[in-house]
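One structure is given below, encoded as structure tokens.
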């Protein structure tokens, strides 16, 4: 980072990704952080921590991104990752009805445990599976159900594709606009009050930190 960039005000935003396994959370992060996509990707075991900086309106926005495991056995440990988050992406697969209802549960839990100040974006991922489907026969959830949830819970809503990159950057850009900007934000990311560094994977069962070589994982 050069001296000019270092002088630009920086807003740090902690973002947590939640959703059922295999809805594409890690692929969304990988697309945003590295502009990459892997057709075959192993499920997240634990949680991955990644960062990405963008410049917007004369300030640097640093996203501290927690990509959490979607398996049910890890769900009780998720609060340690969404605690103190300013924003959340709650992801579902547009072709999987069950994943939408799981996303709805996550939204309700966030509002119950974190409060209503957190900015939540509901993301319908895998739109690439529908782009050639004129009749939307493969779409699991119709617009009214999604819109009702967004209006009731005051959510942002995006339909996206980690595979093609559709709307991925726009999701994070919008979070950067919606999260309030304090005069100074010096919060550090931590797990059990332990500071960690970029691009590391967390073992949710033992809460130990392990290095990883992986670099990535429209309003209603």
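A Cβ is built for glycine as well, from the same backbone N, Cα and C atoms used for every other residue.
Copied from Swiss-Prot, the annotated features are:
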- 19-26, 67-71, 125-128: GTP binding site (BINDING)
- 218: S-geranylgeranyl cysteine (LIPID)
- 220: S-geranylgeranyl cysteine (LIPID)
- 220: cysteine methyl ester (MOD_RES)
Exercise for the section: Go through 22, 127, the listed binding-site residues, and name the one with the sparsest Cβ surroundings, counting other Cβ atoms within 10 Å. Expected result: 22
Handout entry: Assigned conformation of residue 22 (GTP binding site) - DSSP reduced to three states
Key = coil
Problem - Which listed residue (19, 25, 68) has most other Cβ within 10 Å, given these are binding-site residues - result: 25
